[in-house]
Every structure is written in C-alpha cells, then in structure tokens.
Amino acid sequence: MNKGYVLALDQGTTSSRAILFNRDGRLVGQVNHEFRQIYPQPGWVEHDPREIWSTQLRAVQDVLARTGVRLSEVAAIGITNQRETTVVWDAETGEPVYNAIVWQCRRTAPICAELAARGWAPRIREKTGLVIDAYFSGTKVKWILDNVPGVREKAEQGRLRFGTIDAWLIWNLTGGRVHATDYSNASRTMLFNIHQLAWDEEILHELGIPASLLPRALPSSHVYGETDPAVLGAAIPIAGVAGDQQAALFGQACFQPGDAKNTYGTGCFMLMNTGDRAVPSESGLLTTIAWGIGDRVEYALEGSIFIGGAAVQWLRDELRFFDRAADSEALALSVPDSGGVYVVPAFVGLGAPYWDMYARGIVVGLTRGTGRAHITRATLESIAYQTRDVLGAMEKDSGIRLNRLKVDGGAVANNFLMQFQSDILGVPVERPKIAETTALGAAYLAGLATGFWRSQAELADKWALDRGFTPALPAEERERLYAGWRRAVERARGWAAE
C-alpha cells in the first residue's frame, strides 16, 4: 500500500483539529471540533482533558471518513498543541486527577510571586530561558499537587504522570505505553534546563515536584512509538511533536538563524530562529527551544503580544464599528492616514518587550474631525507597531538584522495591515500560500523522521509565496510615525498601578 499522507493533530486552545497533507505538502482535508472552556473563578481557565482527547480522536476519524483516506495510507502522525497547558493523570487508570489548567490561567500568580521573592528569577531565566510567570506549566503542576486531595501522596508513590497536551495525546494514542514530550514543549514548563536538555532537579525540588511525574523529553522529529491498533485501528508511527508556535516556525521553513515568523491571531507570537545558540534576552523576550532533530537542537527568541486581532474584535463587538472583522480593511482605507490617532490596545497589560501588567488601553490624538475610520486604521496599525517593538528587541538581543518577515494566522488576510507592517518594519513581509503553517510544521517533523520527506532543503523548496509586501514608506516618515507610537505607549504604561 502506498503511504501517501501525513496526518497532523493540531490541538488548540478552543478546538481539536486533524489535517491531512500529501507528499507535496498540500492540504487534502481537515476537520475541526470545538470543546468547552471552563471558568471556575475569575482569572481561572480549565479544559476537561477527556474532552480534549475525545474531540481529537473524533477529528481524526472524521477527516479520514471525509477524505476517503485509509489509515494504511498514512505514513506518520505529527502532533502540535497549545503550549504550557497542564494535565496530571493516574498512571494505572489513565484518568486525570483534575481538569487541565490552561496556559491563560492566572491562579498560580501568588506561587510565582513567592518564587520571585525568594530570588529565583535569575536562576529560572538562566536555566529555562523563561521569566517566572503563571503562564508556564511548573507552578500549575505544583498547584494541582498542593490543592487536590490525595494527589501529593499518590505523586510521591510514583503513581501519577504529568504532561503538556502533546504528552497527554501521545499517552492516549499509544494506549498508555509511551510517556514522552518533545524539547520544544518541555522548554515551556519552567522545569526544563534548555542547555542540558534535562529536567532541572533544583527547580523540581524547589517546587516540590517528584521527578517520577515527568515525561521523557525527546527530539521533535523522532519516532515516539506507534498508535495502539485498539485505539485508532492501526499502528501508525507518531513521529513529530512541537508546540504550536515552534511548529509554525518550522512550517514556515524558518530554518536559518535570523529567519523569523509572526503569527497574527487573538494575540501575536513572533519567533526568530537563533540556530544552535540559546540567546539570553536582555530585552524582555523568552529564550526557547525551536526544535530538536537528531542530535541537533535549534533555539529561538520569542515575543508575545497579548492583543492583536482581539483589538479588531473589540471594535466590532463593543464599539459596533462594523459587522465583520474583514470590513476593518475597507474602513481603514477610506481615510489617507489615522489623522494623528494612536490606539494602544493594552486591555490586559502589555506583553513583550514591556511586560507591564498595569498598562491599560488608550486612544490618543483625537480631534473633532476624528471618525470611525481613523480609529479603525489606528487599531490595525497598533498590531504592526507592537510587532516592531518585539522585532527591535530581537535584533538587539541576537545581533541579527531581519531581512524579511514571514507571516501567518487569521489577520494576514488583511492586505492593509500587511502593507503597513512592511512599511513600519522597513523589510518585506511574505504571506505563504498554505495558511495552516502550524499543522504543516508538525507534519513536516513527522515526515522527516520516517523518511516520507528526505531533508529540510526539500521542505524549504515547498514553501510558496501567496503575496509579498515591500516597504513603500520613506524612512523618515516611518520613524516619525513610530516615535508617535512610543509616546502613546508611555502614556498607557502603569495606568492601573494606583
């Protein structure tokens, strides 16, 4: 039987997806199943791990049924996932001891504050590349051990397992035979030494997490094991695993140091490949593992922007400026410029490179002549300005000058935003033909490990341009506009600190 397909499982924050790619890297079929968001208290976010698994399994079954592709034609499975989200389960029964604590959940902020007060910030940064924050998995695991009755005792007896979502899916797909994660997901736990590629005993001891809970950390392109025929109906190698943003970097063929991509979703995630060098950030970025292939590990710098496309949703849902987010482009283009208006969408504070949780959203530069179109244009421009903030930090930390930016995510369909992004960065912006770069990255990693594709060079050749945008703004105008943005940001900072 000709194995002509790779199956990517893309387990996200709101839905579980299964996507089939053929040997050309073309999307053959996809299925998407949403699941519940659970909010037990303000600032707390959970998912039901059983629901994550059932929706993911159903997506696989449905995409095969819909495309008519048989399991015997699937060469390998790749997994990509929402990062940091934490599951602890019973090793014997496979049952979760508590709901999954989602990356957005802030309940462990007091644990983080205690850790910082004890002087751990420099050590955490040096070992893991991360800042101490409730975003990452480590304090979430500690919370489950400390707050769910009977769990700490079971953990100390070696009867429990922890994993990010990739490890939870691997465990279930293999019928409980494989407990493993990849380097990129491990690097988001705040428990993993990114230089030694090992769980850090000192941090585990400080957080009171028994080592027996932890999955084996393996390269991202690697055969983890085979699916249990009793679960899926056939034994298929699980051969590629990466966190969603790292998978998108790989799917965009950002294989060389200095290659960068920005994903425009609710927020924006920008990653720059730094090669075999884990570049420490002095500018509020995260140092993370991009992927491991064979015995080679590549690193990346990452900047997270909290509010990107969500600012456009705000204009639509709260201010009722338009009915569809896509209408923002025509409205923005109905005026020649923003009329001196700046919008700083710091609705939940500011992420990289500011990390100011007390910043709040502002609109400045209003005059009697300001209309909906000016505010809409300024809101779209704010996404591009925030990206420039992150890029400036990346270039400073890495010493690498960006020569082009690859883009993906929902908002890249907005041609006005993409052109302004190119203008304000002063570099070309490239939008690929295949929008599903995250799933494609997972498929590529799996296909490489099984010989379905021969090399990264072959994958780079498959990358195809949909549309390129080149800077059309004079340099002095670019810098004048950006200086205005920096002034606006200063006025937004620290607003809620009173």
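Every residue, even glycine, has its Cβ placed from backbone N, Cα and C.
In the three-state DSSP assignment, the secondary structure recorded for Asp244 (sn-glycerol 3-phosphate binding site) is helix. Cβ neighbour count for Asp244 (sn-glycerol 3-phosphate binding site): 27 (other Cβ atoms within 10 Å of its Cβ, all protein chains included). Sequence annotations record features per position, and here Swiss-Prot assigns sn-glycerol 3-phosphate binding site to Thr13, Arg83, Glu84, Tyr135, Asp244.
Long-range C-beta contacts of Thr13 (sn-glycerol 3-phosphate binding site), restricted to its own chain and to partners at least six residues apart, with a cutoff below 8 Å, comprise Gln82, Thr85, Val102, Trp103, Gln104. Secondary structure from DSSP puts Thr13 (sn-glycerol 3-phosphate binding site) in coil. Residues annotated as ADP binding site in Swiss-Prot, with sequence analysis given as evidence: Thr13, Arg17, Thr266, Gly309, Gly410, Asn414.
The Cβ neighbour count for Gly410 (ADP binding site), using a 10 Å radius over every protein chain in view, is 16. As annotated by Swiss-Prot, ATP binding site applies to Thr13, Thr14, Ser15, Thr266, Gly309, Gln313, Gly410, with the evidence given as sequence analysis.
What Swiss-Prot lists as glycerol binding site is Arg83, Glu84, Tyr135, Asp244, Gln245. In this structure, Glu84 (sn-glycerol 3-phosphate binding site) belongs to neither helix nor strand by DSSP; it is coil. Around Glu84 (sn-glycerol 3-phosphate binding site), a 10 Å sphere centred on its CB holds 25 further CB atoms from the protein chains shown.
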Residues sitting within 8 A of the centre of the Arg83, Glu84, Tyr135, Asp244, Gln245 CB atoms (glycerol site), not counting those, run Gln82, Thr85, Trp103, Arg188, Gly243
Same-chain residues at least 6 apart in sequence with Cβ under 8 Å of the Cβ of Arg17 (ADP binding site), in sequence order, are Leu9, Asp10, Gln11, Gln30, Val31, Asn32, His33, Ala59, Ala439
Note: among binding-site residues Thr14, Ser15, least Cβ-dense neighbourhood at 10 Å is Thr14
If you measure between the CA atoms of Gly309 (ADP binding site) and Thr14 (ATP binding site) and round to the nearest Å, you get 16
One residue among the binding-site residues Gln245, Thr266, Gln313, Asn414 has the fewest other C-beta atoms within 10 A of its C-beta, namely Gln313
